[in-house]
Amino acid sequence: MKISCFLLLILSLYFFQINQAIGPDTKKCVQRKNACHYFECPWLYYSVGTCYKGKGKCCQKRY
């Protein structure tokens, strides 16, 4: 019983969190094959815009 309740809790949290922060900026970033990060971009990436309704950064690989 405990395991089934735990799994139900995990599944409900997972499905309720999907697409909560997705806005037009996140969609545009992902369509351009870039990566969204909440904090600074990783070392080999640079910031090209925002994600998560302005709370994150859209990062593109340096070539």
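Counting begins at 1 with the first residue displayed.
Each residue, glycine too, has its Cβ placed from N, Cα and C.
Swiss-Prot names the disulfide partner of Cys59 among Cys36, Cys41 as Cys41. When secondary structure is read from DSSP and collapsed to three states, Cys41 (disulfide bond) falls in the coil class.
Straight-line distance linking the Cα atoms of Cys41 (disulfide bond) and Cys58 (disulfide bond), rounded to a whole number, equals 8 Å.
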